[in-house]
Amino acid sequence: MMGHRPVLVLSQNTKRESGRKVQSGNINAAKTIADIIRTCLGPKSMMKMLLDPMGGIVMTNDGNAILREIQVQHPAAKSMVEISRTQDEEVGDGTTSVIILAGEMLSVAEHFLEQQMHPTVVISAYRKALDDMISTLKKISIPVDINDSDMMLNIINSSITTKAISRWSSLACNIALDAVKMVQFEENGRKEIDIKKYARVEKIPGGIIEDSCVLRGVMINKDVTHPRMRRYIKNPRIVLLDSSLEYKKGESQTDIEITREEDFTRILQMEEEYIQQLCEDIIQLKPDVVITEKGISDLAQHYLMRANITAIRRVRKTDNNRIARACGARIVSRPEELREDDVGTGAGLLEIKKIGDEYFTFITDCKDPKACTILLRGASKEILSEVERNLQDAMQVCRNVLLDPQLVPGGGASEMAVAHALTEKSKAMTGVEQWPYRAVAQALEVIPRTLIQNCGASTIRLLTSLRAKHTQENCETWGVNGETGTLVDMKELGIWEPLAVKLQTYKTAVETAVLLLRIDDIVSGHKKKGDDQSRQGGAPDAGQE
């Protein structure tokens, strides 16, 4: 007869949790993350101050920036942090709402799991609800004329009012709109707006925020290579290279055996002739400026200076691409292949200015720039970083509207309208699925509720009146005024959000809730003791099954 010995399948230093315990653990982790972020929603949002491991300070109310800095251990919480990053990369805004919404979706599901309802039932109800949420959103959305700059500024302003930069909202809105319109590129009827690549934000501490501006061109943190080169050139002809103007060394180690003294002189002479040839290839096109990503030797500088050409070396590849887009030049790999149409003539001015202790090269007044630089000034690095984050959000909002010119009302109005539509629809449903379906409508109310809480108004009274308002005809644009905590019509207040952001928020929130409800087992592998000593403070790796 076999003895009743336990059979060990998993290695002894792994920890396994399964069933209800895991689901409630996941839900609590998601709720905890949502609670951290909750106070960062709306115009009356609070800021968070975070210290990173290196001792740097981050002050922000941007959901994604906060979660990026927090070190999270629980695997479910990690996936919550991940969705805020996805939201930021996809649409650039709504990072706070998506976390709060996902947390609330899981929170309302907990009640059904306690009543022994199977997660699959809850999931299929959530999926149905998501389809209806999307169709309702599209119904209440309105088209927008993207050439109406007042309306565009209004939309960007709705995004900026919740940020630290709201004091300078008109300046920030104009900067964002100008920058996005500048980098907009249409080809064969296809719009391309690449903010990350072509709209660079340069932060220079000093001055005041009002000094910030958009440059019609590019600014790089470089000086000329030779002190006698020109520093102010009008209508410059610009040549861009990604090769070095130095003597080419052999790819692998090269040995040369010399027997006579003249041979040594000849080798040096060949080096000089090679560099002279490179420079002559460039000089024959009569450029005013040569910009290269690699080095320029002293001899090459001498030849270029004699030809009255300004040279700038070791420019970043990304900056070189921006200069090419701004002045219409083409980046060339070999100077001997340079042709007239590779020369950029679109820039109006090249000048070198000293700001603080550093020299900056400005290539501005471009005729038709498809790249720009946003110059930010401000009191300290922390403030500048926060302003940059806010501006990135504003530019993303602008980009979303240009690519998909559909708007939905902000201030929690869309959420209430969608919640009302779901509640009405659930009345016609039968079977057990109607309860989780109705719970989604309840979860959506978390956005207006949080807005009311953050301005310190009475939550229950206002939410009840808002619910009542949405049962009336043509009242789907009523929401919460985040400044005063009163109910207003968003049409009159002018608070609009791009449809693309809202759709992405709902999809991501529901998908995350569904993903976390599906998990019923977590197996975490613990580190070996010796490993733990050497890397103390590191979170244990947790795998999900």
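Just so you know, glycine gets a Cβ as well, placed from its N, Cα and C.
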ATP site partner of GLY42, GLY94, THR95, THR96, GLY411, GLU497 according to Swiss-Prot, chosen from GLY25, GLY431, GLY482, is GLY482
Region 'Disordered' per Swiss-Prot, picked from 1-24, 313-336, is residues 1-24
Close in space but at least six residues away in sequence, with Cβ under 8 Å from that of GLU497 (ATP binding site), the same-chain residues are ASP93, GLY94, ILE155, SER158, SER159, VAL397, LEU407, VAL408, PRO409, GLY410, SER414
Argmin Cα dist to SER170 (phosphoserine) over the recorded positions TYR247, LYS248, LYS249, THR459 returns THR459
By Cα geometry, the one of the recorded positions (THR96, LYS222, LYS248, LYS249) nearest LYS381 (SUMO2 cross-link) is LYS222
Three-class DSSP assignment, LYS249 (SUMO2 cross-link), comes back as coil
Residues near LYS248 (SUMO2 cross-link) by Cβ (under 8 Å) yet at least 6 apart in sequence within the same chain, in sequence order, are TYR274
Expressed in Å to no decimal places, the gap between the Cα atoms of LYS222 (N6-acetyllysine) and GLY482 (ATP binding site) is 45
Among GLY42, THR96, GLY411, GLY482, i.e. the binding-site residues, the one with its Cα nearest that of LYS249 (SUMO2 cross-link) is THR96
